[in-house]
Structures are given as structure tokens and as C-alpha cells.
Amino acid sequence: MSHALKQVFNKDKTFRPKRKFEPGTQRFELHKKAQASLNAGLDLKVAVQLPPGEEQNDWVAVHVVDFFNRINLIYGTISDYCTEHSCPVMSGGPKYEYRWQDEHKYRKPTALSAPQYMNLLMDWIEVQINNEDIFPTNVGTPFPKNFLPVVKKILSRLFRVFVHVYIHHFDRITQMGSEAHVNTCYKHFYYFVKEFNLIDTKELEPLVSAWVGSGTGGALRVCGQHRAGASQRALNLLRR
């Protein structure tokens with residue numbers, strides 16, 4: 001493993017404990033299958049597709065947990081630089097502000113600092129993915145009717161972590177030499193949510209500047225931005 005990836009996967013920097021799949025379970029086997037596809041270097045557009053004979057909800061559940069683990073790790077690497085002082089508002093640049101709402105303390109959308117928002121977000125997702133009524137682990141136990149709505153909410157909120165990291169902390173990612181890894185994680189996430197229509201297109205706008213036409217169809221130009229005052233950085237991730 002390269003030094004950059006060791007930094008990304010430094011256990012001391014993990015923002016939350018990883019959720020693991022129990023060996024011998026159907027989810028564990030699906031998780032291994034998904035990882036094998038990635039390790040084989042398959043086109044990410046192909047790697048996210050539902051394997052023949054598998055149930056879509058199982059495939060989605062495995063990826064939600066995996067994305068939570070990986071985005072949790074990515075945020076952990078920059079969390080020391082995401083403070084009440086540096087990020088007093090949870091945002092994605094001057095145009096996008098994300099407010100927190102839940103069923104307990106924050107019943108109305110509330111403006112919070114980025115670290116406050118991240119803590120509440122990760123706590124909330126942990127509760128969802130550890131709830132057997134929403135993410136059943138036993139083979140044969142049906143998923144609830146509200147499974148996909150919950151998943152869409154989880155993924156939409158996780159996407160906001162990418163937005164904040166890219167626009168406000170990409171300088172740190174670059175300094176660590178972890179740009180390629182974070183970009184790959186983002187591309188994997190993006191292709192997955194598009195494959196199964198799990199995030200509204202409007203939610204994706206902060207990192208999507210324009211469709212770039214080509215002879216064989218469109219390609220997305222994705223933009224990241226350094227801290228305020230720095231020039232905009234074109235990533236063109238999804239064209240690679």
C-alpha cells in the first residue's frame with residue numbers, strides 16, 4: 001500500500017468505527033464480490049452493476065455500508081482541519097449551505113458548523129445501518145418498504161461530505177498525495193447512485209459543472225475548489 005493510501009486508511013484517523021459484515025453471511029459474500037470487481041480494475045461503470053442472480057436491495061445495502069466506511073475514513077483524514085473556526089457553516093462553497101434536520105433535537109433545518117454537521121450525520125447513519133428493521137442481516141429477512149427512501153437519504157447526505165471535502169479541504173487531500181484515491185472513491189459513489197437512481201440530480205449539482213458533449217454521448221465535468229480565494233480546479237473525473 002502506498003504512503004498516501006496508508007494515510008487515508010490510518011486507523012487513528014478513522015472518524016467512526018467501521019461497520020463490518022459477518023463472515024459466512026450473504027452480505028459478506030456480496031461484499032467480497034464487490035471488492036473483487038474493484039480490485040480487478042474493472043471499469044467502475046461496470047463494477048457497480050447488479051451481478052446476475054443477486055437481489056438489488058442486497059447489493060445496495062452492501063454498498064451503502066461500504067460507502068459509509070470509506071467516506072468516514074476520508075473525512076477522518078481532514079477532520080483536524082475542519083473546525084468550528086475554519087468551517088463555521090456546513091457548506092459547499094458560497095452557493096450551497098446544508099442544514100441539519102432530524103426527529104429529535106433539530107426538528108427544523110438548522111445551520112450548523114461543518115464538524116457539528118458531520119458528527120450528527122455519522123451518528124445518524126450508524127443508527128440506520130445498525131437497525132435490523134432497516135438493514136436486516138439474516139438471509140431471507142425481507143427489507144422494509146421504506147428501505148430505498150432511507151437509503152436515498154443516507155446517500156444524499158453522504159454526498160455532501162464529498163462536496164465539503166472537495167470544495168473546502170482539497171488542498172489537504174492533495175498535500176497528502178491522496179487525490180487519486182479520493183477521486184476513485186467519488187467516481188465509484190457517483191456511478192453507483194446514478195446506476196440505481198439513488199440521488200436526485202439537483203443534489204449532485206455542486207460537483208457537476210456541465211455536461212460535455214462528445215460523439216458518443218455526454219461526459220460530466222466535475223469541479224473541485226480549494227479554500228475561498230483559490231482558483232477553481234477542474235477535475236474532469238468522469239471523463240477518465
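Cβ coordinates are placed from backbone N, Cα and C, and glycine is handled just like the others.
According to TrEMBL, the feature Zn(2+) binding site maps to CYS82, CYS87, HIS164, HIS169.
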Local Cβ density at CYS82 (Zn(2+) binding site) - other Cβ atoms counted within 10 Å: 21
Neighbourhood of HIS164 (Zn(2+) binding site), C-beta criterion under 8 angstroms, separation at least six: CYS82, CYS87, MET90, SER91, GLY92, TYR98, ALA114
Zn(2+) site shell beyond CYS82, CYS87, HIS164, HIS169, criterion: Cβ within 8 Å of Cβ centroid: ILE78, TYR81, SER86, ALA114, PRO115, VAL165, HIS168
Listed in sequence order, residues with CB under 8 A of HIS169 (Zn(2+) binding site) and six or more positions away: ILE78, TYR81, CYS82
